[in-house]
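A.B. asks: This is the structure I have questions about; it appears just below.
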Amino acid sequence: MFELLQLITLTIIIHYLSCKFKVYFIHWHLDTISQSKLQWKHVVIIPLVGSLFLIFVFFYPSTAKYFIYASVFFSAVSCFCLILQPIFDYVPSLSSKIRICLSLLISLTIIFVYLLTQTRWSSNIIAIGVAVAIQSFLFVDKVHIPLVLLSIMFFYDIFWVFGSANLSLFDGKSVMVEAAKTATSLKLPLLIEFINGQFLIGLGDIILPGIFINYAYCIDLFYKTKYFITTLLGYCFGLVLTLFVLWNFKVGQPALLYLVPSMVIPFLIYAYYSKTIKTVFSLSLTSKFSETNSLPELSLPSDFSHESPVFSEQQLTIQLE
């Protein structure tokens, strides 16, 4: 039970922090973050690249580890520099050059500690930092993209956990499970490990749902809605369900099989009963945030006539306080 509470608490912290950091990046770097917008082409690229990566790790684990180490080194340094930036902004006495140097120094220190020790805790710290940074900096304009992406990754997870074991090419082994074992044995920060390796949650099972949760948080910034808490509670329920099935069947489970329905179904039900489904599916965050930067208040869509806007430029600034 303690481990379950540990997991739920940690994932809530990751998602909440990523939402707060996203507010910072949108407010101060909207033009930059808009360039990292998740587009329809990424809906195809993400599962394709993910599949190639799993196959590579499955067949060539000893070679893959060097590629992963290099990728982790550069991506983790970038991610930690990103999330340290708003923290150093609260120290106005530091010049921009000093802030950059300090961010880089701290990031490199964290990576080198991981490379030297390769403990479960150092690996988890990097994984958490990467998850927070990617979720906060990756921008989604419309809700359609994360919904379609999650639907595709739902089947992707099922295939690579269960379906791949039925293919002779993989000798009856689950590619996803074997890749997770490789990452665990090498202490690679591609997952967060609990209970001495008895339970693992991959970064994909945090980041992909996190993109959707972040979008829900942005909706709530503009209107008096509860999309964030709805999707977050759904995510937590999905985690509990995943653990329940895992402990009962003692077989690796595709977490997205439980996480996706647990988030999407409550999201759609809430949208329907709150009569905001039209606005949610027509909402463009790029346009809304652009309007916010120039207007003190936001105008309301017709189907939100019963609500009042709750988000302004001043409120955007204090979201991190």
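From the backbone N, Cα and C atoms, a Cβ is placed for every residue, glycine too.
Curation plays no part in TrEMBL annotations; they are all automatic predictions.
According to TrEMBL, the record shows the following:
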TRANSMEM  6-30  transmembrane segment
TRANSMEM  42-60  transmembrane segment
TRANSMEM  66-88  transmembrane segment
TRANSMEM  100-117  transmembrane segment
TRANSMEM  123-140  transmembrane segment
TRANSMEM  147-170  transmembrane segment
TRANSMEM  190-215  transmembrane segment
TRANSMEM  227-249  transmembrane segment
TRANSMEM  255-273  transmembrane segment
A.B. asks: Per the 3+ Cβ pairs under 8 Å rule, pairs at least 6 apart in sequence, do the transmembrane segment (227-249) and the transmembrane segment (6-30) touch?
C.D. replies: yes
A.B. asks: If I count Cβ-Cβ pairs under 8 A between the transmembrane segment (66-88) and each of 6-30, 42-60, 123-140, 147-170, 190-215, which range comes out on top?
C.D. replies: 123-140
A.B. asks: So which of 42-60, 123-140, 147-170, 190-215 is most in touch with the transmembrane segment (255-273), counting Cβ pairs under 8 Å?
C.D. replies: 147-170
A.B. asks: Give the nonlocal contacts of the transmembrane segment (42-60) in its own chain as ranges (CB under 8 Å, at least six residues past its ends).
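C.D. replies: Tertiary neighbours of the transmembrane segment (42-60) are 67-68, 145, 148-149, 152-153, 156, 160, 170, 173, 175-176, 178-179, 182-183, 204.
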A.B. asks: Are the transmembrane segment (147-170) and the transmembrane segment (123-140) near each other by the rule of at least 3 C-beta pairs under 8 angstroms (pairs 6 or more apart)?
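C.D. replies: Output no: the transmembrane segment (123-140) is apart from the transmembrane segment (147-170).
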A.B. asks: In terms of Cβ proximity under 8 Å, which residues at least six beyond the ends of the transmembrane segment (6-30) contact it?
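C.D. replies: Those are 82-83, 86, 128, 131-133, 135-137, 139, 192, 194, 199, 201, 206, 210, 213-214, 217-218, 221, 228, 232, 235-236, 239-240, 243, 289-290, 293, 313, 316-317, 319-320, in sequence order.
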A.B. asks: Other than its close neighbours in sequence, what residues sit by the transmembrane segment (190-215), given a CB gap under 8 Å and a spacing of at least six beyond its ends?
C.D. replies: 3, 6-7, 10-11, 14-15, 18-19, 22, 38, 50, 68, 72, 120, 123-124, 127-128, 130-131, 134-136, 138, 140, 143, 146-147, 149-150, 153, 180, 183-184, 228, 231-232, 235, 238-239, 243, 246, 255-256, 259-260, 263-264, 267, 285
A.B. asks: What residues elsewhere in the chain lie close to the transmembrane segment (147-170), defined as a C-beta under 8 angstroms and at least 6 residues from its ends?
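C.D. replies: Apart from its flanks, the transmembrane segment (147-170) reaches 38, 42-43, 46-47, 50-51, 54, 58, 176-177, 204, 208-209, 211-212, 252-257, 260-261, 263-264.
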